[in-house]
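*Asks:* According to TrEMBL:
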TRANSMEM  A:32-57  transmembrane segment
TRANSMEM  A:69-87  transmembrane segment
TRANSMEM  A:128-146  transmembrane segment
TRANSMEM  A:152-175  transmembrane segment
TRANSMEM  A:208-229  transmembrane segment
TRANSMEM  A:241-261  transmembrane segment
Amino acid sequence: MGERSALREGLRAYRLIAGMWVRSSMTYRTSFVVTVFGNLMVTGLDFVGILLMFSQVDSLGGWSLPEIAFLYGLSVTAFGIADLMLGSMDVLGARMRDGSFDILLVRPAPVLAQVGADRFALRRLGRITQGAVVLGWALVSVDVDWSAPKALLVPVMVVSGAAIFSAVFVAGAAFQIFAQDAAEVQNAFTYGGTTLLQYPPTVFGKDLVRGVTFMLPLAFVNWVPAAYVLGRPYPIELPQWTAFASPLVAVACCALAGMAWRVGLRSYRSTGS
Amino acid sequence: MAGVDSGLTGADDGSTGADSGPAGAESGPAGAESGPAGAESGPAAVDSAFIELDGVEKVFDVRKKTGFMKRERRQVRAVDSISFRVERGEMVGYIGPNGAGKSTTIKMLTGILTPSAGRLRVAGIDPSRDRTRLAHRIGVVFGQRTTLWWDLPLVDSYRLMHRMYRIPDARYRENLDRLVELLDLGDLLDVPVRQLSLGQRMRGDIAAALLHDPEVLYLDEPTIGLDVVSKSKVREFLRELNTERGTTVLLTTHDLQDIEQLCKRVMVIDHGRLMYDGPLAGLHEAGESERTLVVDLERELPPIDAPAPARVVRVDGPRQWLAFPASESAAPLVARIAAEYPLVDLSVREPDIEAVIAKMYAERATA
Ligand SMILES: Nc1ncnc2c1ncn2[C@@H]1O[C@H](COP(=O)(O)OP(=O)(O)O)[C@@H](O)[C@H]1O
Ligand SMILES: [Mg+2]
């Protein structure tokens, strides 16, 4: 059983289960519309907060509004994609406690795909939409001398960022196997991470920035590559080419998260909890 | 698409024959009869049973808070060196009190849990190593959980099974029709699962576990919480499944009626150990069963001084219970009590299997 067929099986199972959740949510048609709208409003609010701040000041940590909108748009769009795909992995702990996780283990499909598709909800498109709108506005407003590498870096950032956040979701899920009431810890890293990245690195302490670069490499979602695009100094001393390292970082994160998941699943199957 | 799957299921061993692979299900010339009969004709090794356990153990590490900052580590031997074999087409009851290790055994048999020691095979597959491949060949029903989709019509859950297990269309329709008929689900298919009663949902879950023609069905407490009518429907269905399709059935329960009405073979487990494995009838002998004489006296009195081996086992006001060997006549005992005590009424209770097992447990505990 090769990795490739496992991947294909996983995607297939993911599609099937996500489809079931979409149909489930459609059975409450009104509430579906309400939640999509509500989701757009809520996620939109934090950008409104940034706008309000800029009605008082001209720059934040030395960054202009369009530049911050650029960071914000990248972070929220990338996170939104990961959140749409894997956003409900924080219910894993609850599933283990109530025993419904065992049901997933007797189905002929990869467990990670089943857990990832759990509670799949299209209302999460709201966040992606909102992030994309802000990003679009930022792209036409920032004062950048666009070159081919810079232009290419934008979609690369979104895709790599989504992959990095996805890895955080999966690693968080693996962590929940060991600490089943740790959904909040996972949320701190995912939601906390995306909020952090909405602000320029210059407003944070060096230690935090270093941690977010080398330990939990969220800086590669936007801080480092965005600094290159905007022609700003990197958040910390790094060679020029690291702006293009996001895909590599993403692959490494996914591999590590996959390993963590495997370790977690093996542990569950030996401890039963 | 289908290629992936047949690669996974087909390649390994011929013993499973045509009925296991999702692709091959319909190819048998006998059509509906492609159950266990087809499999037996395969080149399976003669001495290997369908389900085999050899000294299987499951030890859990339990950490318990015993005080401020204090933790105690303890090992729970949930399953303690169990060995048994189940042949194709058998229907076996796996019984024991709460915490005996029944669910843990089922979880190892289905590949959810890895055994701590011992050897375990189901249809030649090591469940913990080949979980997904095994999944195509087994059906599992957990009494307190459901595989059904809460907000969707029942039939939607079945459509998911259809695709997830890659059940060929014709086979799926045929199986669904038959299960709907036998489990009386016709009016329920379009009802959202959340609106089903517990009994209806259980029947729905059983159907979901059987759509892909599993060779064995495991049920963990399938009748728990069900009303009498639902219980009997479920039992009737299981009997039919086993006799007509030859599906191997292993069910855990602590409801002894399930066993009395369904299973020729019983396994009794307690504290993780297999205490009895044999025909239901043999249980009575194994437990050296006793009958009970219930006497109502005129007033509350100290326990009756009965001739051994008869003895008082319970006193509740003026009513007393006396146990005596099932092989002996009650007459002398009754005569003696009537002569010496102010007797109002009496009755004799035959040994029930519950008491037999309770006694068995008690004996092991003191042994
Ligand atoms: N995941 C687990 N971790 C620790 N102990 C467990 C776990 N699962 C079961 N046990 C313990 O193992 C024993 C057997 O449990 P179980 O197999 O559920 O019993 P049954 O199904 O017969 O009621 C019990 O003492 C139970 O507390
Ligand atoms: Mg149990």
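Cβ coordinates come from backbone N, Cα and C, glycine included.
Unlike curated entries, TrEMBL annotations are predicted automatically.
A description of the local structural setting of each listed feature is requested, covering burial, neighbours and distances.
*Replies:* Only residues 6 or more beyond the boundaries of the transmembrane segment (A:32-57), in the same chain, are considered here, and those with a CB under 8 A from a CB of the stretch are 25-26, 65, 68-69, 72, 76, 80, 121-127, 129-131, 134, 195, 198.
Under 8 Å from some Cβ of the transmembrane segment (A:69-87) lie the Cβ atoms of residues 43, 47, 50, 63, 116, 119-122, 124-125, 127-128, 130-139, 141-142, 154, 157-166, 168-170, 173, 190, 193-194, 197-200, 221-223, 226, 229-230, all in the same chain and six or more residues away from its ends.
Under 8 Å from some Cβ of the transmembrane segment (A:152-175) lie the Cβ atoms of residues 74-75, 77-79, 81-83, 85-87, 89-90, 92, 112, 115-116, 135, 139, 182, 185-186, 189-190, 193-194, 216-218, 220-222, 225-226, 228-229, 243-244, 246-247, 249-251, 253-254, 256-258, 260-261, 263-265, all in the same chain and six or more residues away from its ends.
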*Asks:* In the same chain, which residue numbers or ranges, 6 or more beyond the ends of the transmembrane segment (A:241-261), come under 8 angstroms Cβ to Cβ?
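*Replies:* Distal contacts: 112, 149, 153, 156-157, 159-161, 163-164, 166-168, 170-171, 173-175, 217, 220-221, 224-225, 227-229, 234.
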*Asks:* Under an 8 Å Cβ to Cβ limit, what residues of the same chain, 6 or more beyond the ends of the transmembrane segment (A:208-229), are close to it?
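*Replies:* 70-71, 74-75, 78-79, 144, 150, 153-154, 156-157, 160-161, 164-165, 168, 189, 193, 196-197, 200-201, 235-236, 238, 240, 242-246, 249-250, 253.
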